[in-house]
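S.K.: The structure's right below; bear with me while I get my questions together.
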Amino acid sequence: MGYWAKLKSSGWAYPTIVLSIYGFLANCRVAEPFLTPYLIGPNKNISEEVVTNYLFPVWTYSYLAFLFPVFLLTDFLKYKPVIMVQGLFLVSNYLLLSFAPGLPAMTFLQVNFGIVTSTEVAYFSYIYSVIPLKSYQKATSYLRSAMLTGYTFGASLGQMLVSIGGVDYFYLNAITLGIVCAAFLVSFWLPMPKRTMFFKAEEAVGSLSQKKGSLKNNGQRDSGADKDGESLDDEKMEHAGGAGWCSRESVITAGPLLWKSFKESYSSRHLVYWSLWWALATAGYMQIFNYIQLKWDHIEPSATSSVYNGAVEAVSSVVGAAAAFSVSFIRVTWATWGELTLGLFSAVCSGAVYLMAFTSSIWACYAAYVLFKSCYMFLITITIFQIASNLSMECYALTFGINTFIALLLQTIVTVVVVDETALGLDIVTQFIIYGSYYAAISVLFLIRGTYTACVRRHSVDQTEMKGKGKESGGEVISTERF
């Protein structure tokens, strides 16, 4: 008991451990890599066309509808209740998958899962409201590792149960139901945050302004000022109490705070271009992730062939994590070469998606998917790092929400035009050709922009070096200019 009390009083270890356990269990979805074979197989007996052109678009529309309201509600309710709601809807999601028959139930399932995905913002934001600033990096690393480990373990376990044990897909969903029930119970152990990012009492708003005023001119955070601002903010919030957070003044001041954070987030052209890539590429990634199982089933039908969806998802997660982890060891001037890197690797993503579209080999399609996901994970890690390192935490949280919303809006437009049966309702092969062209357009845009940025910055560096040399040989430069 003494160790448990010490852990709770540590400031960052207890909430990080509990949230990591929740993240592991909530993402350990053994059945998820086999969703499409389950829906179109004898368990649910829904046609591939209905799943492609009707059922999956419902999730996209639901996700878009819930995302922004949930983002604001998450901060207002102080994160923990929204995490608990996510756990509850994960339970209902797998209850529906396991026991509810018929297309109407599966349609409601997609709406239910839209709520689950829209509440992910609470998982990523909660930890920053309960731990000190100095522990942000460690806690973020642990949380993302927990999510990845859970997803990889779940996919691997599902693959072993299917390939070695011959377990029916129904039992995979039943096992997943038990795991997410455990995740829901773990969410009750999370401590309730004492502060929020935007819905603050009036006296806390003043301290926030002081904290933002201590930012450096180049937009990067001054760690000393942030620590002072954070401790002051915490103190103010504690004095304000729960009534201050939920008061009329708190709601009124949230609007100006949101607007101020928005202006800071997108005041830099450099950050705007990184955010643009984030939104564009994430829209394409979510679309491909959502429909890749249908593409695999099109190449080799799950009813007559062995299915390795779980193994491929596990491998792609590990390789993607390794690619993301490698970013910390790369020494590159991202301000100069970052946009060009986005363009080059987006071209690789485009080639991988084209290969998925045109190949008739399931193994080539698997390999292309692993390559695509790895490139995306590599680039999104660089993008998040570049944006987060130049913004305060309030601004980063708002940027995360806005960029995700724009990505989802773009994905919804693509879904309405390309996938939905009420519009074009294209087959899965044609869809992936369009997705490959989409990434090719992103690549061209950022190759052009990146080349321009690199040339301008190199020229600026050369000019600076020339001025430095000129100062060293002062008199000679003056005579040369006169001549």
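Cβ atoms are placed via backbone N, Cα and C, with glycine included.
Sequence annotations record features per position, and here TrEMBL assigns compositional bias 'Polar residues' to 211-221. Per TrEMBL, the feature compositional bias 'Basic and acidic residues' maps to 223-239. If you look up TrEMBL, you'll see 211-241 marked as region 'Disordered'. Here TrEMBL flags 12-34, 54-74, 81-103, 109-131, 170-190, 271-292, 312-330, 342-364, 370-388, 395-416, 428-448 as transmembrane segment.
Tell me about the surroundings of these features in the structure.
M.R.: Away from its own ends, the transmembrane segment (12-34) comes close to residues 83, 86-87, 90, 94, 97, 123, 126-127, 130-132, 135, 138-139, 142-143, 145-151, 153-155, 157-159, 161-162, 169, 172-173, 175-176, 179-180, 182-183, 186-187, 189-191, 293, 307, 309-310, 312-313 of its chain (Cβ-Cβ under 8 Å, at least six residues beyond either end).
Remote same-chain partners of the transmembrane segment (81-103), defined as residues 6 or more beyond its termini with a Cβ less than 8 Å from a stretch Cβ, comprise 19, 22, 26, 31, 38, 44, 46, 50, 55, 70, 73-74, 109, 112-113, 115-116, 119-123, 126, 170, 173-174, 176-177, 180-181, 183-184, 186-188, 190.
With a threshold of 8 Å between CB atoms, the same-chain residues lying at least 6 positions outside the transmembrane segment (170-190) that come near it are 15, 18-19, 21-22, 25-26, 28-32, 34, 38, 43, 80, 83-84, 86-88, 90-91, 93-95, 97-98, 126, 154, 158, 161-162.
Residues 52, 273, 277, 280-281, 284, 287-288, 291, 294-295, 298, 339-340, 342-344, 346-347, 349-351, 353-354, 356-358, 414, 418-419 of the same chain lie 6+ residues outside the transmembrane segment (428-448) yet bring a C-beta within less than 8 angstroms of a C-beta in it.
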S.K.: Could you tell me whether the transmembrane segment (312-330) and the transmembrane segment (342-364) have 3+ CB pairs under 8 A, leaving out pairs under 6 positions apart?
M.R.: no
S.K.: Counting only residues 6+ away from its ends, which parts of the chain sit with a Cβ under 8 Å from the transmembrane segment (395-416)?
M.R.: 57, 60-61, 63-64, 67-68, 71, 75, 121, 124-125, 128, 197-198, 258, 261-262, 264-266, 271, 275, 278-280, 282-284, 286-287, 387-388, 423, 434, 438
S.K.: With the transmembrane segment (271-292) as the reference, which stretch in 54-74, 109-131, 312-330, 370-388 has the largest tally of C-beta pairs below 8 Å?
M.R.: 370-388
S.K.: By a Cβ-Cβ criterion of under 8 Å, what residues six or more beyond either terminus of the transmembrane segment (312-330) are in contact with it?
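M.R.: Long-range Cβ neighbours of the transmembrane segment (312-330): 32-33, 148, 151-152, 155-156, 159, 366, 369-370, 373-378, 380-382, 385.
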